[in-house]
């Protein structure tokens, strides 16, 4: 029978495709499922954001209520970042052991306990103990959220989804600022305790909600559970063919033959995360060495840009700029949270459209400009005997400009980039190293800001941050290849060539074009 003579029911019965088979709604549905999983995983980052935001105002009341010194305030603000080193260091091995999903649940449970302890703290020592517990939970959350999101996302919109953790950090910061403003008028022995204790509520709901998510398909393959991985990939891919292609790439990266199609296969210990430290540090390939330098370096430079000083101490910065009222300082701080959140939302839609490098370099360039002018404004205010309105306005504008530029690039791209560049077997532990560096430098910056500006003036502190940001710009320009649109399994081909990464990208595109022409 000729094709033209066939009736529609004959075509359907023979298993051939009809026009209806090419309708797009199914792709939209799978995209929504991947987005839902990314949102749930990323919401754990609210915990860190809320703590950063709420401590900026709560520390003012804690200092007055518990009669502590400026040094104790620095220690209180900064030690959560150092404590989170423990969580991020443990998270890599834990996530390889119990899975990405249960590691997210664990992070929420630990932070829940820490927030309750801080809320009921009767004194400074007990408050510091609560900070320790909460810090471990934050370390777990910071490492696992971007890893899970990168591993479950298709390459076509991985940048969009992997930026979600930073989006929710900013949402958390804004909620913390709003909490400061809303609860500031309560009695001083009560307001800061409620501010800190409220953080336990979202962590409980998140821990329960995450149980409804699927496990990372890449972790399932590492365990030899190919059948379960195939089910997850079918839910998060636009077509069955895309799901199978993604599965083949993951199997190849995990050292499993492509022809292995059983639901459960035997895998080597190395595929389960054994021997990772040797491959990262003792005998890395040129590509892995480059990846490690970039993965740790981007986290280092994100923090030495001084962003935590701006966010955590914004009430003090506004006070130095000439705003004296508690209410006005907290209200201006809420404006910082609003701007930061709005611009991170803009960035999520630009990452997969414009690429990582253009946004990152624009972001850091804008931060250098903002920090220089903020230093100028604060220096003018400090050396004036009366209020200089234009300098006050300049300081407020440059604080807002600084967090805006940070949010369109350096903020989200640090987490997107570092979670997507590592090979499969090294990803969890490599990301944990980056998070550890991030938290270490965040702790150093936040614990030294008050002492720093007392030593070299408030304006001098921001000139210093502008200098470190300039070094960051040069590092990013020379060391970071563009990863937009590349699959996680392609990343090693881009690294190890340093300034020749564009040639590697062109080779990959040529290879893809050849494969498409062969399959056509």
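Cβ coordinates come from backbone N, Cα and C, glycine included.
Automatic prediction, not curation, is the source of TrEMBL annotations.
Summarising the annotation, TrEMBL assigns compositional bias 'Basic and acidic residues' to 1-10. Marked as domain 'Major facilitator superfamily (MFS) profile' by TrEMBL: 37-484. The feature region 'Disordered' is assigned by TrEMBL to 1-22. For 33-55, 104-122, 128-148, 160-178, 190-213, 291-310, 330-351, 358-378, 390-417, 462-480, the entry in TrEMBL reads transmembrane segment.
Taking Cβ pairs closer than 8 Å, the transmembrane segment (330-351) reaches residues 53, 56-57, 159-160, 163-164, 166-167, 170-171, 173-174, 176-178, 180-181, 184, 310-311, 314-315, 318, 323, 359, 396, 399-400, 403-409, 411-413, 416, 484 in its own chain, all 6 or more past its ends.
Mean pLDDT across the domain 'Major facilitator superfamily (MFS) profile' (37-484) comes to 85 in this model. Of the two recorded stretches, the transmembrane segment (128-148) lies close to the transmembrane segment (33-55), with three or more CB pairs under 8 Å once pairs fewer than 6 apart in sequence are set aside.
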